[in-house]
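Okay, structure first, notes after.
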Amino acid sequence: MAHAEVHDHNTPLEYQSETGRLNILGFWVFLGAEIALFSTLFATYLVLMYRTADGPTPHELFELKGVLIETFLLLTSSFTCGIAIHEMRRRNRKGLFIWMIITLALGAGFLGYEIYEFVTYVHEGAALGTSAFWSGFFVIVGTHGLHVTMGIAWITLILIQVARRGLTPQTSAKVFISSLYWHFLDVVWIFIFTAVYLTGMVLHNG
Amino acid sequence: MKWDEFFVTGDPLIYGADVSIGLTVIGILFYLTYFKKWQWLWREWLTTVDHKKLGIMYIASAVLMLFRGGVDALLMRVQLATPDSKFLDAQHYNEIFTTHGTIMIIFMAMPFLIGLINVVIPLQIGARDVAFPYLNAVSFWTFFIGAMLFNISFVIGGSPSAGWTSYMPLAGNELSPGPGQNYYLLGLQIAGIGTLLTGINFLVTILKMRAPGMTLFKMPMFTWSALITMIIIVFAFPILTVALALMTFDRLFGAHFFTLQGAGMDMLWANLFWLWGHPEVYIVVLPAFGMFSEIISTFSRKVLFGYKAMVWAMVIIAGYSFLVWVHHFFTMGQGELVNSVFSITTMIIGIPTGIKIFNWLFTMYKGKISFTTPMLWSLGFIVNFVIGGVTGVMLAMAAADYQYHNTYFLVAHFHYVLIAGTVFSCFAGLIFWYPKMFGYKLNEAIGKWVFWVFNIGFNVCFIPQFILGLDGMPRRVYTYSAASGWGGLNMLSTVGGFLMGIAFLILAYNFYYSFRYSERENTGDSWGLGRTLEWATTSAVPPHYNFAVTPTVTAMDPLIQMKRDKQDVKPKIEDIKKIHMPDNSGVPFFMASFFFVAGFGLVFEWYWMGIVGLIGVFITLIIRSFDKNEGYYVSEEEIKETERLTV
Amino acid sequence: MFKRFKPFFALGLLLSVFFLGGCSNYIVLDPKGPVAAQQKDLILYSIGFMALICVVVYVLFTVIVIKYRDRKNDDNFEPDHHGSKKLETIWTVIPILIIIALAIPTVTSIYDLEKAPVSASGEKKEPLVITATAVDWKWIFSYPEQGIETVNYINIPKDRPVQFKLTSADSMSSFWVPALGGQKYAMPGMETKLYLQADHTGTFSGRNSNFNGEGFTHQIFDVHSVSQSDFDKWAKDTKSKAPKLSKKQYDQLMLQGEAKKMTFSSTHLKWVDHAKDRDYAVKTRERLGVVPQNPHGSKAKDANNPEQDSHGVSHSH
């Protein structure tokens with residue numbers, strides 16, 4: 001656990017401590033595991049795609065409008081999250097806070113829409129236990145939603161720490177790692193949008 | 001729920017187990033209280049983040065699980081020793097082979113290897129600890145709690161009985177009602193978190209914390225095997241996580257992933273399970289390969305033969321491990337092309353494995369072989385593993401596999417791989433690094449008895465099973481008729497099983513005997529033949545900071561190089577600087593305990609309890625996040641004192 | 001394909017005689033039909049190669065361990081001897097050749113086994129179709145052409161290929177008659193096909209070999225191989241004399257438990273095709289009020305008294 005704090009001024013704040021560097025690499029490895037996790041869920045979803053049994057088909061229930069709004073909210077939040085990190089590297093704590101809070105608000109909006117979407121489906125007769133297809137749908141989209149929820153809670157906790165302790169190499173590594181997570185969720189959503197919603201609307205339309 | 005559904009009742013074996021568990025717990029509590037050991041236990045063990053202590057705890061738990069899994073095995077062997085035996089009924093037998101398989105793979109083999117990796121790898125790469133010591137403690141405690149949750153099933157609620165593969169729809173609510181299968185799902189899920197974290201932790205540790213000068217191709221072979229294993233873990237374990245979660249949704253929340261109703265798909269489970277399950281085989285066998293490489297090289301006093309070929313062989317094996325899973329169900333009717341492709345990919349794995357066998361043989365060529373017990377286990381490995389390997393190639397031939405599948409031929413094959421590979425390596429590694437952990441060797445004479453009794457018992461147990469398989473005896477039957485003619489070979493197999501049991505008892509005696517009577521080591525290089533950095537410590541058991549001064553590596557076997565250069569391992573006094581070390585923490589223990597609460601609640605579908613447990617887990621996460629965890633410094637004075645004292 | 005490697009074949013045969021005490025005793029190595037015979041040939045052929053590998057490794061092992069053990073005289077000791085391109089190439093190339101030699105007959109056999117076997121006389125016969133349905137813990141066989149159904153036994157004509165259409169009403173099972181050939185899974189909502197043929201008359205035992213719960217061990221059936229004329233007579237007699245299968249009776253068979261051998265003059269195929277209907281059995285159990293019980297629950301303990309149907313006690317064929 002030697003702390004060789006050798007760095008020049010160009011080293012970003014979050015990379016300035018040994019622990020910070022290790023944590024960031026460890027988190028990248030964790031994201032590798034997350035990719036394996038979501039790949040498995042995608043494979044499951046695709047295998048179960050036509051197994052709707054007596055329940056409704058996705059073509060009957062999916063609506064492009066809501067999904068587009070969700071996509072817009074999450075993609076924008078990834079962008080604002082990027083700006084927040086930029087502000088953090090400029091050591092602008094206020095900027096970091098403003099843009100991160102906007103990010104979280106957009107994330108919460110996404111989540112709200114998703115919950116609304118789920119409730120609508122359940123009312124229309126498609127729940128977790130309706131058929132293999134709907135089990136697959138709710139679990140893959142729900143897992144992503146759960147990740148977003150955790151992300152919001154986690155980033156909130158980190159912002160509290162930044163507020164209390166200021167921007168140190170330790171806190172900034174935490175902020176940076178949580179931003180990696182947030183971007184990752186955005187990427188996963190793009191795959192969900194394509195593999196779940198677009199295929200659900202297009203492939204089942206026949 | 002009635003009390004007699006909560007506690008398993010009606011079987012004298014279970015009552016016996018109840019009594020012995022009760023007595024053991026009372027005994028431990030009494031010992032800790034009477035000798036005022038509670039504080040010691042808490043400070044030195046329950047809150048430790050030291051990789052060596054965590055490793056020892058992993059190994060101790062694994063030995064305990066080896067005992068449990070071994071008792072399961074012997075109960076099965078007693079039942080099968082004679083035709084039409086009434087010793088166990090079908091349900092009880094099914095529970096026992098399910099827990100035997102699950103415990104041996106998940107709670108014995110993996111933790112045993114991870115324990116040895118924990119003890120050895122940071123030392124071997126010249127590091128002070130792992131990259132994330134706190135996370136390491138979380139890994140251990142989640143594994144331990146997962147194992148405990150799984151293990152209590154046989155006295156509370158009933159054990160799972162759908163096989164360690166838990167094929168659906170058999171493992172679903174309709175065909176396996178009750179809490180048993182939930183234990184499997186939640187026990188493995190919680191332990192799986194720990195394994196994944198270990199994967200991340202050691203991957204980063206090996207990539208980032210090697211001593212200066214130790215390039216990737218100067219790493220010891222055990223470190224290489226651990227690195228590759230960790231990569232497999234990171235990509236394979238999430239598959240298990242998802243598969244278990246999906247089955248949990250099926251059983252608890254009425255989802256239809258694999259169920260009979262709602263157009264579920266049972267074949268999906270088989271695919272997901274083996275997509276994890278086959279890499280899992282290599283997770284438990286690659287570290288074994290690594291350890292044998294170290295031991296064979298050490299006791300032949302020779303550099304490893306074909307180092308680069310050994311590394312690339314492991315890389316190829318790791319890659320292929322994700323491309324062969326279908327060979328576990330050639331008989332599922334996926335068609336000629338698929339079976340042909342997977343037959344060939346599976347056979348190809350034999351090539352790098354064969355290369356490794358020849359490399360081990362030629363490591364001994366032109367060497368000076370001393371037959372210490374770790375070396376005996378390694379030699380025994382070569383002889384026995386070849387049988388496991390060639391029968392593996394036979395099973396890979398799909399057209400022939402239609403006759404071997406689900407028979408004792410398969411059972412014998414994978415025991416030749418997993419016992420001769422993994423278990424032999426665990427024994428070899430444990431004995432080899434025992435002085436590193438405890439400061440004295442296990443007695444060699446007793447150790448040789450263990451080896452020979454176990455080795456003979458192993459072959460007597462499993463050779464007959466190859467023949468039984470060819471005679472059409474299916475695996476997992478709880479009995480057979482006298483007319484089948486399988487009685488004699490089964491009795492022979494049982495005798496072999498008991499010989500292995502006796503060998504285990506001798507090993508246990510050796511732990512005690514050596515603790516009492518073994519000579520204490522006073523150098524770091526206990527065998528006198530050490531080649532790698534873990535032997536380059538100043539004392540037999542390294543201090544908590546491992547190396548007072550981080551060693552610099554100039555050659556592949558650094559300690560051999562140091563010996564040739566007549567370089568002393570003792571640090572120079574002017575090089576000593578204060579050392580930063582992580583703080584102990586009780587949070588991982590509490591986090592795992594909350595996982596236990598959550599898991600136990602979900603097993604019985606008491607959702608309030610599940611939620612309470614999960615809230616507890618989140619609170620521990622928040623506490624950790626807010627903890628500044630800055631660690632502390634070991635002062636120069638303390639280091640000097642430690643180093644002088646132990647020189 | 002096998003010809004070029006005759007020595008291996010012979011070596012395998014020799015070794016199996018030596019180690020296995022004569023292959024005629026072991027069911028997989030004592031085939032009673034062309035499918036099992038092809039698999040036996042492949043097995044012996046591979047044992048030959050594998051024995052060769054073992055011999056090479058064991059000889060090398062013994063020589064090295066004895067010659068390079070720790071002795072006073074260490075002329076041969078070369079601690080830095082670390083590799084040899086030539087040797088490493090040899091033990092990479094030879095295994096590749098062995099695997100090619102094994103892969104070719106394997107792939108050929110994989111393709112052959114999905115086709116109807118040709119009998120020894122070389123004449124091609126239209127296969128007899130039998131639907132085999134696994135239900136916990138029994139086998140139900142339907143002869144769609146003959147319009148008859150049996151439980152836990154079948155009659156098949158000797159020297160004629162039989163195409164089994166395999167499916168399951170509940171758990172994943174595996175249909176296996178080792179004397180006649182390898183197994184294949186029977187799965188709910190799925191149909192898999194397996195060709196077998198007997199070239200001897202006699203009774204061969206078959207079973208489910210894929211673990212599926214409490215009654216797994218006793219989920220067995222008999223295969224009676226008889227002459228074509230005896231088969232035709234049996235089918236005709238059964239059609240005219242055996243009772244019809246009622247839906248009520250069939251639904252009783254859907255319950256978990258073992259069953260006696262039974263014979264009917266009609267099939268269940270008109271009500272349900274389990275290859276298309278995954279949940280028929282589960283729904284039937286629900287309809288009949290059978291609730292799955294925790295094997296450790298108090299209800300199950302009362303119900304679990306050993307009064308299950310004894311298997312294979314009486315049958316009528």
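Glycine is treated like the rest: Cβ placed from N, Cα and C.
Worth saying up front: this structure is predicted, and the values here are computed from it rather than measured.
Feature annotations, courtesy of TrEMBL:
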{"type": "TRANSMEM", "residues": "B:12-34", "note": "transmembrane segment"}
{"type": "DOMAIN", "residues": "B:34-554", "note": "domain 'Cytochrome oxidase subunit I profile'"}
{"type": "TRANSMEM", "residues": "B:96-121", "note": "transmembrane segment"}
{"type": "TRANSMEM", "residues": "B:133-156", "note": "transmembrane segment"}
{"type": "TRANSMEM", "residues": "B:183-204", "note": "transmembrane segment"}
{"type": "TRANSMEM", "residues": "B:224-247", "note": "transmembrane segment"}
{"type": "TRANSMEM", "residues": "B:267-289", "note": "transmembrane segment"}
{"type": "TRANSMEM", "residues": "B:342-362", "note": "transmembrane segment"}
{"type": "TRANSMEM", "residues": "B:374-400", "note": "transmembrane segment"}
{"type": "TRANSMEM", "residues": "B:412-434", "note": "transmembrane segment"}
{"type": "TRANSMEM", "residues": "B:446-468", "note": "transmembrane segment"}
{"type": "TRANSMEM", "residues": "B:488-512", "note": "transmembrane segment"}
{"type": "TRANSMEM", "residues": "B:606-623", "note": "transmembrane segment"}
Query raised in the report: So what's the average pLDDT for the domain 'Cytochrome oxidase subunit I profile' (B:34-554)?
Result: 95
Query - For the transmembrane segment (B:12-34), distant same-chain residues with Cβ under 8 A (at least six beyond the ends) - result: 41, 75, 92, 154-155
Report summary line: Relative to the transmembrane segment (B:267-289), the stretch among B:374-400, B:412-434, B:446-468 with the most Cβ pairs under 8 Å is B:412-434
Requested in this report: Counting only CB pairs under 8 A, let me know which of B:96-121, B:133-156, B:446-468 has the most with the transmembrane segment (B:412-434).
Outcome: B:96-121
Requested in this report: Please give the sequence-distant neighbours of the transmembrane segment (B:183-204): residues at least 6 beyond its ends with Cβ less than 8 Å from one of its Cβ atoms.
Outcome: 98, 102, 106-107, 110, 114, 117, 121, 130-132, 135-136, 138-143, 145-147, 149-153, 157, 159-160, 162, 166, 171, 226-227, 230-231, 233-234, 237-238, 240-241, 244-245, 247-248, 251, 592, 595-596, 599, 602-603
Report summary line: In the same chain, residues at least 6 away from the ends of the transmembrane segment (B:446-468) whose Cβ sits under 8 Å of its Cβ atoms read 77, 373, 376-377, 380, 384, 391, 407-409, 411-413, 415-416, 419-420, 427, 431, 486, 489-490, 492-504, 506-507, 509-510, 513-514
